[in-house]
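This report refers to the structure that appears directly beneath it.
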């Protein structure tokens, strides 16, 4: 028996609500897990994984979920208010990422090790630089009068697409970090696989949200 369009819509909305709630919990849980594992303050390096997971797992995920019609924690507020909260969270994520990057550079300097010698380090640097550009681009959406020649709809589309790329870069950096000697020495077996699933799950949720809000809608328009 075929489901009606209305029933399918309700099911789809319920699935998106459930996946959004899962993304909130996973982003927070993964960050707490890394913090417990790293024990921030025990060494200079210990702050690096904590700050990077806080930036790319928790803050950036929450910033993007801010616009989810089903799972935004502030969906009762106006889009203008949510946009400003989004920008604040993105800025905090950038600051945490910059601090985390700076501390690991200092740590390697103290040990006399080469900088950006691994795929993880290179992906992390690219993700931080992209986040900086993304935050700068967000100013144009907060104050569209600064870019009068650009249609606001196109600015939103470009910003959303670029933001998705930046988020995936951050998630890639986290995934590569979980292949590092430090992480694999402390997390093994099933726990490692569960940890790897965390940024993959949140990335899928964010990809679905952005695709439905901007990319898919733009494709079906004549």
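Even glycines carry a Cβ here, placed using N, Cα and C.
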Residue 43 vs residue 158, membrane side identical per Swiss-Prot:
no
Interface check, the transmembrane segment (187-207) with the transmembrane segment (18-38), three or more C-beta pairs under 8 A:
yes
Within 10 angstroms of the C-beta of residue 159 (heme b 2 binding site), what count of other C-beta atoms is obtained when all protein chains are considered?
16
Mind tallying the topological domain 'Lumenal' (107-122) by DSSP state, helix then strand then coil?
9 helix, 0 strand, 7 coil
Work out how many Å separate residue 159 (heme b 2 binding site) and residue 120 (heme b 1 binding site) at their Cα atoms, rounded off.
25
